[in-house]
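Colleague: The structure is given below, and queries will be raised subsequently.
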């Protein structure tokens, strides 16, 4: 019996998730497929119950539905509760289980480049949905999280949530260079750079060798990463975050190890890198 999976969002045409998951199914000769569906906000409830009625085993959820889908689910995992958002749904004996693999996917990708237990200070630029998932997943590792956001109120809300969960966090003014100089890792989570625009403040003072991450992966190297590389930093884009959130979703659905390298190869080929 073929298992059906999908991703829903608006827009969705750009999604690389079907390529990644279908390559994984092919690598393991699994009877499964993965599709993408454009679902507008007003059609979300109908789509959720439609996928369930059609016998889908699970689906991913992307912008703008990660929070608005919550009322239509029967249960949330601890990761989903902590993030306050869902990017993965599993149908289990007729119940819809909401899960979040964004944060764990980011952590898994970051661990390929640094020992998180040895990291003392991490600067996170932005305080939107992506920053929230990343910050809540990083907090248990014990690093001091320094948030910088253009809208201080939103940053303050995220700091409070981290502190309530037992993590260490504070907010600093957007673009304060001295905090960049103290960071072991800097994570750029905003949309700045999608159109190849320059970052609105300088990275002057950042230490050579600092790990600098931009969760954007197209363009492959944003102006932000280009500047960091020019200053001697180790740079990483968001492609492996996409990979590992997909890998973690796969393992949540199928309760088995995903073929990581086959899924990675499909992503890299799609982006011609």
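Here the Cβ of each residue, glycine as well, is placed from N, Cα and C on the backbone.
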Colleague: Using only what Swiss-Prot says about shikimate binding by 15, 16, 17, 87, 102, identify which of 62, 68, 77 is listed for that site too.
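Modeller: Swiss-Prot lists 15, 16, 17, 87, 102 binding shikimate, and from 62, 68, 77 it also lists 62.
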Colleague: Taking the residues the record says bind NADP(+) (78, 126, 127, 128, 129, 130, 149, 150, 151, 152, 153, 154, 215, 238), how far apart in Å are the two Cα atoms that sit farthest from each other?
Modeller: 29
Colleague: Pick out which of the binding-site residues 62, 87 has the most other Cβ atoms within 10 Å of its own Cβ.
Modeller: 87
Colleague: Note the Cβ centroid of 15, 16, 17, 62, 87, 102, the recorded shikimate site, then list each other residue of that chain whose Cβ lies within 8 Å of it, in sequence.
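Modeller: The surrounding set, listed in chain order, is 7, 9, 60, 242, 245, 246.
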Colleague: In whole Å, how far does the CA atom of residue 151 (NADP(+) binding site) lie from that of residue 17 (shikimate binding site)?
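Modeller: For residue 151 (NADP(+) binding site) versus residue 17 (shikimate binding site), the Cα atoms are 31 Å apart.
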Colleague: Between residue 102 (shikimate binding site) and residue 215 (NADP(+) binding site), what C-alpha distance do you get in Å?
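Modeller: The Cα atom of residue 102 (shikimate binding site) is 11 Å away from the Cα atom of residue 215 (NADP(+) binding site).
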